[in-house]
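Chemist: Input: one structure, supplied below.
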């Protein structure tokens, strides 16, 4: 089954900005996250959204995707009917052909050279507050580690791995082939030792000759204050072990932040709505506003209208890179009373008689705008 277009997956245009891509990812990742959405297929959709975001959020990967799509540009013409693989199957690579004709030899990676281990990824779900303030956490991940029985050699204790008698330890075989240019020598991965350059006659019973076993490893992770949904933390050296003495890979912890019932977050800023009674809005009041840092008193001036915005400086989230602190923005919503008693209704009627039914100057300006809109002015 062919992959869907990454832009289509996120529901954005090809000219979408980084912010638009990030917002689309945050919305869809919350929608399809397995912890939230239990519907069949949501897990695959979550993976698809995540894969699309990882490509389109990286400038280099996005540029490569825009040019080549899902095709790997490093594969050349591979898989197009020349016998399989990116090196034209039976013909071998052009490097082999021309190096055999003109001498010198193409450079190939030494199979016995040290290589860095593979990177690992772990998804961690955080509460809204945990993401804002950070925390210490212990996670458990499955990963390959060096076999303690054979100390990573793959050979049964008391025996040793031998140099491959077929390739002489190089991990490659020279195969003579006929080409349109004549007979050339093509180098292939040794099929006897799978390119390792070693042969194990008596394999370790614990790891089966691989030299590695899969274990669950506990790792302590320090989550910095201010991480946001979709961001990732790199833990150096906690990936898969290296090959042939190479360094281990890294662990990337990807954060999924649960939504909050009262607060919303945009970057380092926090947003919330505060209800006011008609009396509070008309007469003014001092109210208590919940923040991530505790309750804060806010003076509401008389005559405050629905939609009025207030800002509490420094009451947002700490910037994850240490660049200051966000603010908390409060939007006022005046609540219309319901289920009034007869006495309350009489009081409001008297108030209406005293104040009149005509809107004040501020409301008049609003109604004037509405009238002009209808007239097309």
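Each Cβ is built from the backbone N, Cα and C atoms, and glycine gets one as well.
So Swiss-Prot lists these for the protein:
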type: DOMAIN; residues: 5-69; note: domain 'J'
type: ZN_FING; residues: 134-216; note: zinc finger
type: REPEAT; residues: 147-154; note: repeat 'CXXCXGXG motif'
type: BINDING; residues: 147, 150, 204, 207; note: Zn(2+) 1 binding site
type: REPEAT; residues: 164-171; note: repeat 'CXXCXGXG motif'
type: BINDING; residues: 164, 167, 190, 193; note: Zn(2+) 2 binding site
type: REPEAT; residues: 190-197; note: repeat 'CXXCXGXG motif'
type: REPEAT; residues: 204-211; note: repeat 'CXXCXGXG motif'
Chemist: Using DSSP, how many residues in the zinc finger (134-216) fall into helix, strand and coil?
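Modeler: Split into helix, strand and coil, the zinc finger (134-216) gives 0 helix, 39 strand, 44 coil.
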Chemist: Of the residues in the domain 'J' (5-69), how many are helix, strand and coil by DSSP?
Modeler: 45 helix, 0 strand, 20 coil
Chemist: Which residues, sitting 6 or more apart from residue 190 (Zn(2+) 2 binding site) on the same chain, put a CB under 8 Å from its CB?
Modeler: 164, 166, 167, 170, 171, 172, 173, 197
Chemist: Could you tell me what the rest of the chain brings near the repeat 'CXXCXGXG motif' (204-211), counting residues at least six beyond its ends with Cβ under 8 Å?
Modeler: 146-150, 152-157
Chemist: Could you round the CA separation between residue 147 (Zn(2+) 1 binding site) and residue 193 (Zn(2+) 2 binding site) to a whole angstrom and send it over?
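Modeler: Computed Cα spacing between residue 147 (Zn(2+) 1 binding site) and residue 193 (Zn(2+) 2 binding site) is 19 Å.
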Chemist: Tell me the Cα distance separating residue 193 (Zn(2+) 2 binding site) from residue 207 (Zn(2+) 1 binding site), rounded to the nearest angstrom.
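Modeler: Their Cα atoms are separated by 17 Å.
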Chemist: Summarise the model's confidence over the zinc finger (134-216) as a mean pLDDT value.
Modeler: 83
Chemist: For residue 204 (Zn(2+) 1 binding site), which residues of its chain lie six or more apart in sequence with Cβ-Cβ distance below 8 Å?
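Modeler: Those within reach of residue 204 (Zn(2+) 1 binding site), by Cβ under 8 Å and sequence separation of 6 or more, are 147, 149, 150, 153, 154, 155, 156, 157, 211.
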Chemist: Determine which residues of the same chain, besides 147, 150, 204, 207, have their CB within 8 A of the center of the CB atoms at the recorded Zn(2+) 1 site, and list them by sequence.
Modeler: 148, 149, 151, 152, 153, 154, 155, 203, 205, 206, 208, 209, 210, 211, 212, 213
Chemist: Given a Cβ distance threshold of under 8 angstroms, which distant residues of the chain, six or more beyond its ends, lie next to the repeat 'CXXCXGXG motif' (147-154)?
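Modeler: Same-chain contacts beyond the flanks: 160-161, 200, 203-207, 209-213.
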Chemist: Suppose the Zn(2+) 2 site is 164, 167, 190, 193. Which further residues of the same chain have a Cβ inside 8 angstroms of that site's Cβ centroid?
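Modeler: Going along the sequence, the neighbours appear as 165, 166, 168, 169, 170, 171, 172, 173, 192, 194, 195, 196, 197, 198, 199.
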Chemist: What's the most sparsely packed of the binding-site residues 147, 150, 167, counting other C-beta atoms within 10 A?
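Modeler: Among the binding-site residues 147, 150, 167, the sparsest Cβ neighbourhood within 10 Å belongs to 147.
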Chemist: Give me the count of other Cβ atoms within 10 A of the Cβ belonging to residue 207 (Zn(2+) 1 binding site).
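Modeler: For residue 207 (Zn(2+) 1 binding site), the 10 Å Cβ neighbour count is 21.
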